[in-house]
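Written out below as structure tokens is the structure these notes cover.
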Amino acid sequence: MKSVIFDLDGVIVSTDDLHFQAWKSMADRNGIPFDRQINNLLRGVSRAESLEIILRKSEKSYSEQQKQELMQYKNDIYVKLLDNLKHSDILPGVVELINRLKKAGVKIAIGSSSKNTRKILQKIGLETVFDAIADGTEIQHSKPDPEVFLVAARKLETKPENCVVVEDAVAGIEAAKAGNMTAIAIGDAASSSLADYRVNTMMQIAEILNLE
Ligand code: XGP
Ligand code: MG
């Protein structure tokens, strides 16, 4: 029996766009070029590593203290944006897929680099739905390192090779494969040559898993 580990931002809920807005405010305020293309590089990556990627475009160098302030600035904006998050922000097909997985007895987990994971799951009313949650508060290395998915598998008490990961991040697909898991790409992650499957809708995942 397979288990399914979902990424959160951009897979379960449209918070990937809120991350974009918050990082964009930080970048604009500091005169750092930032666009959707750069934002795609931040998918699946921790807050600190996201900042490092953004700062590659900056001519200035920043002290550790300044970096902390930039991350705080971004997160404050992001958390304010989360205030308006609600059940209807869950991406299309997610609730239906979760219901079908549960009906088929498939264990489900979240594997996200975000430290805001639990807050978001609460906001959208999915905090008690998953059998396990592994997030950015529990790991040393974010995607493309497999750590967060391995933590999720351990919490599900299943072997990595029995896990199927659903990801919108190229780094997330790399993490899944590095962890010896099956990788399903949706959205931006479809550009990864490592993906085992590419889907446009959640229901295609039910077909891949041969759910009744
Ligand atoms: P947290 C976030 C990063 O800030 C963001 O850049 C990533 O795209 C996102 O994680 C990936 O899920 O982490 O600031 O919510 O802890
Ligand atoms: Mg994501």
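Cβ from N, Cα, C; glycine included.
Shown in sequence order, Gly44, Ile110, Gly111, Ser112, Val165, Val166, Glu167, Asp168, Ala169, Gly172 are the residues of the chain, 6+ apart in sequence, with a C-beta less than 8 angstroms from the C-beta of Asp7 (Mg(2+) binding site). TrEMBL lists Asp7, Asp9, Glu167, Asp168 with the feature Mg(2+) binding site.
The substrate binding site feature in TrEMBL is assigned to 7-9, Trp23, 42-47, Ser50, Lys74, 112-116, Lys143. Other Cβ atoms within 10 Å of the Cβ of Gly44 (substrate binding site), summed over all protein chains shown, number 32.
Residues or ranges marked as active site, nucleophile by TrEMBL: Asp7. The secondary structure of Asp7 (Mg(2+) binding site), as reduced to three states from DSSP, is coil rather than helix or strand.
Positions annotated as active site, proton donor/acceptor by TrEMBL: Asp9.
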How would DSSP class Glu167 (Mg(2+) binding site) in three states? strand
Let me know the DSSP-derived helix, strand or coil state of Trp23 (substrate binding site), please. helix
Sparsest-packed among the binding-site residues, when each Cβ's other Cβ atoms within 10 Å are tallied, from Arg47, Lys115: Lys115
Near ligand 2, which of the binding-site residues Asp7, Asp9, Trp23, Arg47, Lys115, Asp168 have CB less than 6 Å from any of its atoms? Asp7, Asp9, Asp168
Check: same-chain CB within 8 A of Mg(2+) site center, minus Asp7, Asp9, Glu167, Asp168: Phe6, Leu8, Gly10, Val11, Asp16, Arg43, Gly44, Ser112, Val166, Ala169, Gly172, Ile186, Gly187, Ala189
